[in-house]
Amino acid sequence: MSKDRVIFWFRQDLRIADNPALSAAAGTEKEVICLYILDDETPGEWAMGGAGCWFLHHALDSLDKDLKGLGSKLVLRAGNATEVLPDFADEISATAVFWNRLYEPYAIKRDKALKACLRERDIEVESSNASLLFEPWTVETKSGGPYRVFSPFWRACMRDCPSPDEPIKAPKSLKTPKQHPRTEKLDDWGLLPTKPDWAKGFAEIWTPGEQGAKDRLAWFLDEAAADYKDKRDRPGVRATSGLSPHLHFGDIGPRQIYHAARAQAEKQDGTAKSIEKFIAELGWREFSHHLLYHFPSLPTDNYQEKFDDFPWRDNDDDLKRWQEGQTGYPMVDAGMRELWQTGWMHNRVRMIVASFLVKHLMIHWRHGETWFWDTLVDADLANNSASWQWVAGSGADAAPYFRIFNPITQGEKFDPDGDYVRRYVPELANLPNKYLFSPWTAPDDVLKEAGVTLGQDYPEPIVDHSAARDRALGGYDDIKKAS
Ligand code: FAD
């Protein structure tokens with residue numbers, strides 16, 4: 001085999017454009033072998049969830065097609081990446097490996113070990129940044145530590161850090177060997193659900209892959225960005241970008257989104273404020289990664305230790321009713337059913353359902369985090385853990401614990417026409433708006449007219465809102481006194 005051969009290792013950067021490590025590999029003018037490893041060494045509880053696997057399957061399929069357009073193709077290997085990669089490098093006599101950096105604690109540890117192992121074998125390793133606007137170690141407080149509060153963090157990024165680089169173009173072609181190394185078959189990896197195929201509805205919503213991500217960004221900028229600030233909290237309206245799974249798997253990068261959004265603000269009068277708000281949400285993504293990098297136990301441990309003594313309830317029945325969207329609170333149930341049917345949930349509703357689990361039901365945020373991990377197509381260790389701790393009140397710059405989302409008034413405010421609840425809780429579709437978010441308050445004749453028998457067609461509320469609120473605040477008082 002020729003010695004003029006390098007590996008590009010795809011991870012969470014499943015795209016060709018604005019992929020700096022791929023461009024660096026192409027720039028060597030050596031043959032580039034594109035590899036994806038289904039790493040079975042990811043720590044057990046953070047192995048990719050079911051919905052994520054569905055997205056990954058289709059994103060890899062799409063990537064392979066795009067690579068074929070460059071005269072290349074994707075080589076798939078499954079196994080422990082710390083063994084698969086060096087073995088593969090030996091197998092094809094590679095002289096260098098290129099990848100884009102990841103920031104999850106286990107990935108950092110694995111990549112460090114791999115770097116050492118490859119260099120020992122005289123194989124060069126070159127890494128780049130493809131997935132963040134600001135890498136975690138580049139943003140520091142004046143006294144030199146990590147930021148723990150979002151606003152000053154984002155101000156520092158915007159004011160003090162160099163502006164994110166312009167995205168780089170896709171390589172025009174990749175030099176490839178006449179005989180490509182053996183690849184495993186994507187279909188053999190079993191990433192798609194079969195019995196039952198719970199992802200049937202996903203393909204109507206998601207188009208994994210670089211083109212799908214580009215189309216979604218273009219739709220958002222043309223059709224929704226101008227109203228983002230006003231409508232982003234309305235789950236019944238298609239007003240947010242839906243780019244989160246694409247950002248997680250990297251079939252689009254944040255620099256591409258950032259610069260396209262800025263260009264749109266310049267092009268379209270009156271959109272600047274709305275687009276600034278959208279870019280600030282990308283900032284929350286940056287902040288979550290910053291937190292996870294500096295506080296690697298964020299996915300498992302309370303950031304604020306006083307929450308270690310919180311009197312959480314262990315109640316499998318309540319947890320199951322929450323997971324299945326059967327709590328009797330329509331706004332919560334709509335969210336949990338949207339999640340199950342589409343692999344995604346609107347951000348406002350994520351906050352409502354998360355608050356309901358940890359406050360109304362007093363069930364530990366880790367149960368919610370785990371369920372989201374398995375069911376979200378955008379499940380992301382940094383965003384998921386930081387957001388759960390934010391809602392639970394145990395995180396950095398978290399919502400104060402005593403801020404308990406009221407699932408009734410939240411519904412009235414953010415789903416004023418009831419479109420969202422009616423879409424996902426169709427058994428209540430004929431209830432007038434006045435009772436839609438609290439059906440148990442409807443008079444008998446109204447329920448009858450709407451064809452609803454509580455406890456039969458739709459559950460009675462799992463807890464009484466005020467009593468649950470008092471119970472949660474009591475739990476918080478206990479830890480406050482103790483700390
Ligand atoms: P847009 O409003 O269009 O925002 C653009 C991008 O900014 C998003 O794609 C996302 O990458 C980022 N973003 C937006 N809001 C947030 C936020 N609050 N925190 C961090 N990044 C944000 N997001 C995930 O990507 N993965 C998760 O696993 C995840 N888990 C969450 C769990 C809980 C309990 C909560 C409350 C939020 C969670 N989020 C998570 C954040 C947020 O809900 C989603 O990023 C957002 O709903 C994605 O929709 P969008 O792409 O239309 O967002």
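Using N, Cα and C of the backbone, Cβ positions are placed for all residues, glycine too.
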TYR228, THR240, SER241, GLY242, LEU243, SER244, ASP378, ALA379, ASP380 bind FAD per TrEMBL; candidate in PHE278, PHE287, PHE295 listed for that same site:
PHE278
Nearest by Cα to TYR228 (FAD binding site), of the recorded sites TRP312, TRP365, TRP388, is TRP388
Top Cα neighbour of LEU243 (FAD binding site) in the set of recorded sites TRP312, TRP365, TRP388
TRP388
10 Å Cβ neighbour count around TRP365 (site 'Electron transfer via tryptophanyl radical')?
24
Among TYR228, SER241, TRP365, the recorded positions in the record, which have a C-beta under 6 A from ligand 1?
SER241
For SER241 (FAD binding site), identify the closest of the recorded sites TRP312, TRP365, TRP388, judging by Cα separation.
TRP388
Summarise the model's confidence over the domain 'Photolyase/cryptochrome alpha/beta' (4-133) as a mean pLDDT value.
96
Largest C-alpha distance in Å for the FAD site residues TYR228, THR240, SER241, GLY242, LEU243, SER244, PHE278, ASP378, ALA379, ASP380, as a whole number, is 23
Would you list the DSSP helix, strand and coil counts for the residues of the domain 'Photolyase/cryptochrome alpha/beta' (4-133)?
58 helix, 31 strand, 41 coil
